[in-house]
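Trainee: I have a structure here, written as structure tokens, and I will follow up with some questions on it.
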Amino acid sequence: MADVVVGIQWGDEGKGKIVDRIAKDYDFVVRYQGGHNAGHTIVHKGVKHSLHLMPSGVLYPKCKNIISSAVVVSVKDLCEEISAFEDLENRLFVSDRAHVILPYHAKKDAFKEQSQNIGTTKKGIGPCYEDKMARSGIRMGDLLDDKILEEKLNAHFKAIEPFKEAYGLGENYEKDLRGYFKAYAPKIRPFIKDTTSMLIEANQKGEKILLEGAQGTLLDIDLGTYPFVTSSNTTSASACVSTGLNPKAINEVIGITKAYCTRVGNGPFPSEDTTPMGDHLRTKGAEFGTTTKRPRRCGWLDLVALKYACALNGCTQLALMKLDVLDGIDAIKVCVAYERKGERLEAFPSDLKDCMPIYQTFKGWEKSVGVRKLEDLEPNAREYIRFIEKEVGVKIGLISTSPEREDTIFL
């Protein structure tokens with residue numbers, strides 16, 4: 001059976017800590033979408049690990065880790081991540097169906113961002129998915145055969161010829177790209193496998209599989225705040241499509257949310273706080289992107305969006321992250337509905353334009369940092385947790401009270 005860990009905000013919810021905390025109980029940890037535009041930060045024994053492509057289970061020697069078919073892979077960045085760990089042989093596997101991000105994709109991404117102003121990381125994620133959908137992409141499996149790779153590269157060079165100048169690729173692009181693969185393909189080849197068959201077999205044997213997503217539900221290409229979204233499907237349903245596991249294989253769906261809310265880049269954010277309180281949340285919560293180091297926009301918990309995300313994913317339980325960031329705040333707001341042109345909205349709309357938050361205010365608490373038992377939390381903190389659980393209609397299964405792995409309350 002497989003369990004899914006999915007972000008239910010705009011990403012950066014703390015999925016990495018939860019996966020790291022529970023990964024020891026699983027045989028496989030699988031990253032099922034996105035690219036190196038996303039980042040997980042894990043603190044283990046006082047050491048901070050920033051992962052962009054590798055699944056969070058790499059810190060457990062007995063855990064097998066898979067990068068599945070719907071992930072887009074920068075081979076250079078993956079090789080650099082691999083070099084930071086020892087003994088990944090037979091512990092890390094990259095799907096032969098996963099698509100390869102080319103330097104051209106990053107150039108195209110930056111070019112398009114100048115006019116679209118979506119707020120992308122400019123790492124080539126979107127353009128790589130574009131080539132995938134156009135059936136012209138290079139897959140990881142193509143790197144296993146030099147002849148096939150050369151054929152794919154020649155087709156790529158022909159296709160981009162009209163755009164080389166616009167994207168600033170330079171006269172030596174073909175030579176440089178061949179050199180790029182010559183340098184990195186041999187390093188990555190030992191990890192490329194038919195992961196779909198591996199996971200189907202593992203599921204049939206009854207092995208435990210943990211599927212981890214990147215970004216968050218509200219960035220889903222179809223169901224998020226379009227056009228300010230990522231280029232992949234980020235919900236729990238996409239875990240099946242990417243891995244080859246059928247929907248019957250899914251058991252638990254753990255939705256990850258912060259006790260407040262953040263967003264990186266442009267796009268609507270009804271509960272954003274642009275006062276000094278937003279700055280306080282950013283500073284205390286260390287809200288700066290793992291990948292880009294960009295400051296995150298900060299605000300209050302949005303229950304309209306949270307209920308929508310829980311419904312989309314079929315969440316069976318929630319993980320409430322960074323409760324400690326709210327320590328010491330006298331009045332804590334929660335967005336319980338929107339107002340748009342005089343109308344109260346309690347359902348999440350397809351367009352958030354003109355949506356203003358309607359808040360309910362709670363009394364704060366002094367300290368929750370490092371607490372590991374629910375009964376040790378102050379009454380106001382427990383009331384806040386109970387309110388979220390009641391309004392969303394999904395039980396809270398665990399609460400994080402610091403970046404440390406062990407500072408977690410299990411309910």
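Glycine residues also receive a Cβ, built from the backbone N, Cα and C atoms like all the rest.
These came from Swiss-Prot, pasted as-is:
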ACT_SITE  Asp12  active site, proton acceptor
ACT_SITE  His40  active site, proton donor
BINDING   11-17, 39-41, Arg296, 322-324, 400-402  GTP binding site
BINDING   Asp12, Gly39  Mg(2+) binding site
BINDING   Asp12, Glu13, Gly14, Lys15, Asn37, Ala38, Gly39, His40, Thr121, Arg135, Gln215, Thr230, Arg294  IMP binding site
BINDING   Thr290, Thr291, Thr292, Lys293, Arg294, Pro295, Arg296  substrate binding site
Trainee: Based on the record's binding annotation for IMP (Asp12, Glu13, Gly14, Lys15, Asn37, Ala38, Gly39, His40, Thr121, Arg135, Gln215, Thr230, Arg294), what whole-number value in Å is the widest Cα to Cα distance?
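Mentor: Max span of the IMP binding residues, Cα based, is 34 Å.
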Trainee: Can you tell me which recorded positions out of Asp12, Gly14, Lys17, Thr121 are within 10 A of His40 (active site, proton donor) by Cα, answering none if there aren't any?
Mentor: Asp12, Gly14, Lys17
Trainee: Of Gly11, Gly39, Pro295, the binding-site residues given in the record, which has the fewest other CB atoms within 10 A of its CB?
Mentor: Pro295
Trainee: Looking only at DSSP and grouping its letters into three states, which state does His40 (active site, proton donor) belong to?
Mentor: strand
Trainee: Using Cα-Cα distances with a 10 Å cut-off, which of the binding-site residues Asn37, Gln215, Lys293, Arg294, Pro295 are near Gly11 (GTP binding site)?
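Mentor: So far as Cα distances go, the binding-site residues lying within 10 Å of Gly11 (GTP binding site) are Gln215.
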Trainee: Taking the Cβ of Leu323 (GTP binding site) as the centre, count every other Cβ atom within 10 Å, in any protein chain shown.
Mentor: 23
Trainee: Within 10 Å of the Cβ of Gly14 (GTP binding site), how many other Cβ atoms can you find? Include all protein chains, please.
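Mentor: Looking across every protein chain shown, the total is 21.
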Trainee: Are there residues of the same chain, six or more positions away from Thr401 (GTP binding site), whose CB falls under 8 angstroms from its CB, and which are they?
Mentor: Leu323, Asp324, Ser368, Val369, Gly370, Val371, Arg372, Asp407, Thr408, Ile409
